[in-house]
Amino acid sequence: MASPPSSGQPRPPPPPPPPARLLLPLLLSLLLWLAPGAWGWTRGAPRPPPSSPPLSIMGLMPLTKEVAKGSIGRGVLPAVELAIEQIRNESLLRPYFLDLRLYDTECDNAKGLKAFYDAIKYGPNHLMVFGGVCPSVTSIIAESLQGWNLVQLSFAATTPVLADKKKYPYFFRTVPSDNAVNPAILKLLKHFRWRRVGTLTQDVQRFSEVRNDLTGVLYGEDIEISDTESFSNDPCTSVKKLKGNDVRIILGQFDQNMAAKVFCCAFEESMFGSKYQWIIPGWYEPAWWEQVHVEANSSRCLRRSLLAAMEGYIGVDFEPLSSKQIKTISGKTPQQFEREYNSKRSGVGPSKFHGYAYDGIWVIAKTLQRAMETLHASSRHQRIQDFNYTDHTLGKIILNAMNETNFFGVTGQVVFRNGERMGTIKFTQFQDSREVKVGEYNAVADTLEIINDTIRFQGSEPPKDKTIILEQLRKISLPLYSILSALTILGMIMASAFLFFNIKNRNQKLIKMSSPYMNNLIILGGMLSYASIFLFGLDGSFVSEKTFETLCTVRTWILTVGYTTAFGAMFAKTWRVHAIFKNVKMKKKIIKDQKLLVIVGGMLLIDLCILICWQAVDPLRRTVERYSMEPDPAGRDISIRPLLEHCENTHMTIWLGIVYAYKGLLMLFGCFLAWETRNVSIPALNDSKYIGMSVYNVGIMCIIGAAVSFLTRDQPNVQFCIVALVIIFCSTITLCLVFVPKLITLRTNPDAATQNRRFQFTQNQKKEDSKTSTSVTSVNQASTSRLEGLQSENHRLRMKITELDKDLEEVTMQLQDTPEKTTYIKQNHYQELNDILSLGNFTESTDGGKAILKNHLDQNPQLQWNTTEPSRTCKDPIEDINSPEHIQRRLSLQLPILHHAYLPSIGGVDASCVSPCVSPTASPRHRHVPPSFRVMVSGL
């Protein structure tokens, strides 16, 4: 409803009939109450003197009760009246006065546009336009102002679209736009160090524009918008997505009806409490949560659930009235103005825009005052009341004067920047079912003030802007590393003890026969394997990243070389035994330790080739594996993301496959040798049983260890414990199986290993070996074992010699009584000596030699020289040689020969070295002894 036109309007209507004349005073009174400014004064104000020319201002706003926003227009009128009254009292525009003419737009585009054109056509020349509440009506009128050279000042239009100065160059507003809250939000985010946010926007242009502007503001300040969600009717899906993206700080743009739905969804998703912070518009109606209707899709959201989800949210809105106790341009404080406003509105509902309307009237007055000063200073001699809609110059003067506005009003400092009010933004927080002001932002000074002890978070501190992910390196426990290192040191001490034992007793028969040099290599391999445990336990908690990467290569090399050294030496020993005892043709074969070292070196060379190629082509690198987040055991608002260091490369599977294949073939070869030599019954020489046990244990443990280690790669303590125990077990069991039996044997029964030297083979092997028992293999270990057998035979034969000496003395005494037997005994004696010497052939096969000796004695019982039965000899043929001189001559020749003839064949010395007599070796009877036998014995 437009205000009545002033005296400059067209001809008045015809006089009403007499009954209507009675109603005219009542009608005029009503019009004066509805639009007092149209007549140039406010209610209760004295009429200005007739000589005071008016400065007309067009007032456009909704006033009817049928329109929802009509309450805004009606609510600000008392404040407008106060401002006009105070301006007149101060004679700010003397000799002029403000003449505000109100026109009802009814928040309708057509009606609002008609009211504007009616004011232009039928009203006086208006200097400015005051008003603009509904965005649609305001934008239409503001877009056409430039053509009329009119400047518009709004007190309630907050839509961001009106900030476009290219489209609305003559539009100003005393109320901050909806976008004005974005710098305040930015300041709040910086204050609490929130660097990561998410947005939730209702699909309405007003909210979308604010969201878009906020995005630009935050982007320029390097604040991450991790997720942007929008919704039309059901916000639950968007809320769920925000939670899935770990958004803790939510910037919402929606109306109060949707706000209830949003918080119900937040309650269902548990997006409230100490971990979350909601920041939403603060311009909702007071106690809006009591007015909204919760939809059926949130049936479980009861009132207490809604209030629980709302607890702690922060609302952002412009400050309707300054809280500072400072006198304004009117000479009164904002608080004094508020009291006067409340007393003047007398039953009219309050409006949150009343302060901006009050300051707006003062802005118009100050602008016109400045324009008059500009006109007075110019040489045009133009009066301000001479303005018309085609006066572009005066329109520009008024426009420039508006831009220069700067004073302190009841809403704070009134300053325009590109037509936008640089006002004050307040922050309120929902606490215990009520909104409490907790701070304000001054846009002019760009400062944020948080009221002490008013803002309250549900936790002990402000929520984090995201789940704090504490990247925690999973490291090996120091106590575990210490325990396993202690076990490793004990293993190395044991290996050192075995090494000392092996070196000290290297000349002992038992140790010498078991290849002490190869034993040293076995110990060295075990110690290298032990040493790798220390390196496997060093991770990022002990060494730097660069050192760890170096350790990746070093520990791989040490473990690989240690394994090959230990088992390579063990298998080389077994191969020599296999080569000796599987030599079917029994050809002479010499396998020295140097050759075994070459074999072990060849195995190591293969290892080095693989490792060098691995390092050159695809070296091991330090990689960090990130696992899924875990809750903090201490219950803090953080999540722990375990990190684990690994030694990996691009083609890790291929390289491991090559190494495993090579080591597997080596173990299979060892198993084959151990199986082939299983029947060699020389404990000092044959370790096949222990090698088999070692291979079995090592193989099983390695397979189990590798599988469990792979399955526990995300648990470094378990993985290290398994790897270390497998290495300790394999190394310890291998060293113990090789050396403990020797140690026990050497300490308890040193000769046990050299007794019972019968070579036991399979039945087929026995038949073949019996046919080729005359061959000789001059290999050190075989020779050593045979030497032991010969020494045992030597001892037995020495005892036999002693018995023969006694028998010889008895025979000699008897021969002194029976000289005729001398010749026969002499012949028999030489025959017996020849038979005994021929037993040197038994050295080719000890078992065979023993058998020959036994058979020979059984078949020639006379060789036993039993003197108690002289009747078994032929008496008659020898009676002629038993004369005393024959006996004396025979004994002088036979005794040295009888005593020394056995010695060369049993390891003794040549008779020529101890007797001036002719050496028995010079006799033809000694020339049949095989040279190989002599070499074998003397060489040993």
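One-based numbering along the chain as shown.
Every residue gets a Cβ built from N, Cα and C, even glycine.
Remember, predicted model here, so these are calculated numbers, not experimental data.
Among the candidates N452, N841, N866, the residue that Swiss-Prot annotates as N-linked glycosylation site is N452.
According to Swiss-Prot, I638 and N794 sit on opposite sides of the membrane. According to Swiss-Prot, of the candidate residues S52, S883, the site noted as phosphoserine is S883. Per Swiss-Prot, C264 makes its disulfide bond with C301 among C236, C301. Contacts between the transmembrane segment (522-542) and the transmembrane segment (720-740): present, as 3 or more C-beta pairs lie under 8 angstroms, all at sequence separation of six or more. Counted over residue pairs 6 or more apart, the CB atoms of the transmembrane segment (654-674) and the transmembrane segment (597-617) come under 8 Å in at least three pairs, which marks the two as touching. Across the topological domain 'Cytoplasmic' (504-521), DSSP assigns 12 helix, 0 strand, 6 coil.
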